[in-house]
Amino acid sequence: MLTSPSSSSTYDPFSSNFSPSLTNAFSSSFTIPMGLKLSRRVTRARIFSRKIKDRSTLKVTCRRAHERVVEEEASTMTETKLFKVSSGEVSPLGVSQVDKGINFALFSQNATSVTLCLSLSQSGKDDTDDDGMIELVLDPSVNKTGDTWHICVEDLPLNNVLYGYRVDGPGEWQQGHRFDRSILLLDPYAKLVKGHSSFGDSSQKFAQFYGTYDFESSPFDWGDDYKFPNIPEKDLVIYEMNVRAFTADESSGMDPAIGGSYLGFIEKIPHLQDLGINAVELLPVFEFDELELQRRSNPRDHMVNTWGYSTVNFFAPMSRYASGEGDPIKASKEFKEMVKALHSAGIEVILDVVYNHTNEADDKYPYTTSFRGIDNKVYYMLDPNNQLLNFSGCGNTLNCNHPVVMELILDSLRHWVTEYHVDGFRFDLASVLCRATDGSPLSAPPLIRAIAKDSVLSRCKIIAEPWDCGGLYLVGKFPNWDRWAEWNGMYRDDVRRFIKGDSGMKGSFATRVSGSSDLYQVNQRKPYHGVNFVIAHDGFTLRDLVSYNFKHNEANGEGGNDGCNDNHSWNCGFEGETGDAHIKSLRTRQMKNFHLALMISQGTPMMLMGDEYGHTRYGNNNSYGHDTSLNNFQWKELDAKKQNHFRFFSEVIKFRHSHHVLKHENFLTQGEITWHEDNWDNSESKFLAFTLHDGIGGRDIYVAFNAHDYFVKALIPQPPPGKQWFRVADTNLESPDDFVREGVAGVADTYNVAPFSSILLQSK
């Protein structure tokens, strides 16, 4: 348990015997009391810092009331710095370059003291503590305005300075405070973060997170002909993916220096173009803590949080996704290069953002890195007993609708739009953002409205995951202000159940593929406000959905208690991998059925990375902690499936792009769709057919799904005058006959639709 130093303890900074005792790793740090209480004039502090291995005595001498000179008695001194400091500016929060120097500003409502810690080490090594840190104690009578602490330091380098804060305050845990001056804290507004250098290196699991800055590099060159794709929402096809997992596997053929990095991602953009998607939804790329599980009392050393839902900071790109070592300045530049390359390829960038919790866990497994130690009572939701509320399922819940936290989130979003040119955001567990500071649901959450109405964010796609771990399920009811789209969880469940052959699902399936009007039309929203998906990072992959009835999460080390138990999956007759040709053929059909259903549905489709070749996690439906082939894209598997599985997936996506009847702006009217069904009330009917009418060129589309385990003879309607039907897709056929872009003529008045298969016809 962490405890704060007693507020009654005293020390004499002018005593020759004074030697500060810091329990932080920075054993060589020393403190410079800023003598600003009697004068608002600037002060000078002469600081002799050196790389020490021993404990030398510090001798402090008072020269004037507003000036301190710190001389260090040591056998060797390697560097001398002269700093000039002033009270600083209250805004903006974080670090900024001002006329006088470098300004630092930090919010803390309940802190009683704040100390700025600086390291001028140019080594960039993880053992910065050996290089010593300079500590500047802020005087609240000079360096504080309202609840913001601030100081300006002159003569600092314009980059490669590491910094953090020590914050002290009331020590009463029962009052909701978690102050501990012994911990060096990361600035919540740090735009760049220096963590450990190597992704997943357990030897660095206790490495410090520092803020840093770069005011020296030239602005990134976006290019004179650069432009945003600006793809209409109705035209999006989203590809959910993990930056590291995309190229980390050796099968990617990457140089190890760029495998799993932003630059490695760029090398594989042609694959995304071949597939046909036009938007990537990146699993978290904010600086996150992948080693959180390895610090617990019974650590799971094999677990590395590769999904990234363990946010350390909301402004900085993940430094360990940079090429080579985890350099934050390089990470920022290479992230921009990735965005620029994606935009040049006509692909938008949507970030999966985690504003519902942070990496600081709970009071059982506390790991204070920033918010908790700066002002726990402001940044986190607390119950009436001042204990952490846990609507995120991760131990803490960010206090999103507190004015200060709300502004932090808005500033973060604006930063990613203006600095990194991203096109949109998917908000993880967004129902948390709809809760008041006491955790109660809000019908008109200030944060949700502010995001929707913000002028900087006006062109962005904003997508909610409309549920949380506290039971606030808002699918179809998420506050939207005509802006917010939603992950349509009901689409996932209903489509899974129909395709696998559950009874009584035909009506629900019809509602989902036609745009979920029951969820969105009633609230004056558009079909594209529903993001349709069958598979996402949570849960089974598409291949596992048709290969496993039960989750197999033993490798996670949680005794099978993690991951969802109700997956609406069907193993097609055998649990797991099999060599049975009949079962393998059935599984292939089912995967194609799911993909075809997704791409012909009204709304915005989203698919998961790897499903285009049939990636398996061997039944693990919660693989967040595996930095292995379990999550990594398998490029050799893609090569093996390029001419069949991948080809079908790609062709269906491109077919969607070229047919406006599959992506209506508004909900379908009677003249735009015909249902070929006369027994809607038959709960045992598992066959659905309909025609989408093209009122412009007469290129109607007929689609039929058969979820029975027997053939169904479908009666094919008459084509438009002067047209005939062409078979474009039949998931029962082998490649390349399963999808023929130009179509195959000769479709009769009836069509025998095979068990667990689907067809698509087009009139020409």
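A Cβ is built for glycine as well, from the same backbone N, Cα and C atoms used for every other residue.
The following features are taken from Swiss-Prot:
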- 1-70: transit peptide (TRANSIT)
- Asp428: active site, nucleophile (ACT_SITE)
- Glu465: active site, proton donor (ACT_SITE)
- Asp538: site 'Transition state stabilizer' (SITE)
Work out how many Å separate Asp538 (site 'Transition state stabilizer') and Glu465 (active site, proton donor) at their Cα atoms, rounded off.
-> 12
Can you tell which of the recorded positions (Asp428, Glu465, Asp538) has the fewest other C-beta atoms within 10 angstroms of its C-beta?
-> Asp538
Expressed in Å to no decimal places, the gap between the Cα atoms of Glu465 (active site, proton donor) and Asp428 (active site, nucleophile) is 5
DSSP three-state assignment (helix, strand or coil) for Asp428 (active site, nucleophile) | coil
